Amino acid sequence: MAERRGDRGRPADDERTDGGPDVTTLALLTTALLFGGMVLYSFGFAAFLFTALPAETAGATIRRAFPHFYLFVIGAAALAAALLWPQDRTGALLLAAVAATTVPTREALMPAINRATDTGARTRFKWLHGLSVAITLAHIGAAGYVLARFLPASGA
C-alpha cells in the first residue's frame with residue numbers, strides 16, 4: 001500500500017456526517033498521549049521524585065509506579081497502532097513494536113532490575129537500568145517519529 005502523506009485520506013469537513021473526530025484524529029491524539037506520557041514520566045516524574053524525596057523513598061515509589069507506567073505504554077501504543085493501521089501501516093507497525101517490546105520490559109527486565117537492587121548487585125543494576133533507559137528512549141523516539149508522520153510532506 002502506498003503511503004499517503006498530508007491529509008492521510010481524511011474526509012473533507014463537508015463529507016463528515018457524524019460530527020465526531022475521525023479515526024486519524026483519534027490516532028494522532030492517542031499517539032500524542034503516548035509520547036507525552038512517556039516524556040513526562042521519564043523526564044518529569046522520575047526526576048522530580050529523586051529531587052523531592054529521600055533516595056530510598058523515591059526508589060520505592062518509582063518501583064511501585066513502573067508497572068502502571070508500562071501498562072499505560074502497552075495500552076496506548078497498541079490502541080494508537082490499531083487506530084493508525086488503515087492510514088499508515090509503517091507508523092502502526094512502529095507503535096505495535098513499542099507495545100510488544102514493552103511486555104518483556106515489564107515482565108522480565110523490571111523484575112531483574114528490582115532483584116539487582118534488592119541484592120546489592122550494583123554493576124548488574126547499572127547495566128540493566130541502562131538497558132531500560134535505552135528501551136524507553138527508543139520508544140519515545142519511535143512515538144515522536146510517528147507523530148512527525150502526521151505532518152504534511154514538505155513542499156506539499
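Any Cβ shown, glycine's included, is placed from N, Cα and C.
Per TrEMBL, compositional bias 'Basic and acidic residues' is recorded for 1-19.
If you look up TrEMBL, you'll see 29-120 marked as domain 'TMEM205-like'. When the domain 'TMEM205-like' (29-120) is classified with DSSP, helix, strand and coil residues number 85 helix, 0 strand, 7 coil.
What TrEMBL lists as region 'Disordered' is 1-21.
According to TrEMBL, the feature transmembrane segment maps to 26-53 (among others).
Within the chain, the transmembrane segment (65-85) has long-range Cβ neighbours (under 8 A, six or more residues past its boundaries) at 23-24, 26-27, 30-31, 33-34, 37-38, 41, 45, 91-96, 98-99, 102-103, 105-106, 110, 139, 143, 146. Here TrEMBL flags 65-85 (among others) as transmembrane segment.
The transmembrane segment annotation in TrEMBL covers 130-151 (among others).
Across the domain 'TMEM205-like' (29-120), the prediction's mean pLDDT works out to 97.
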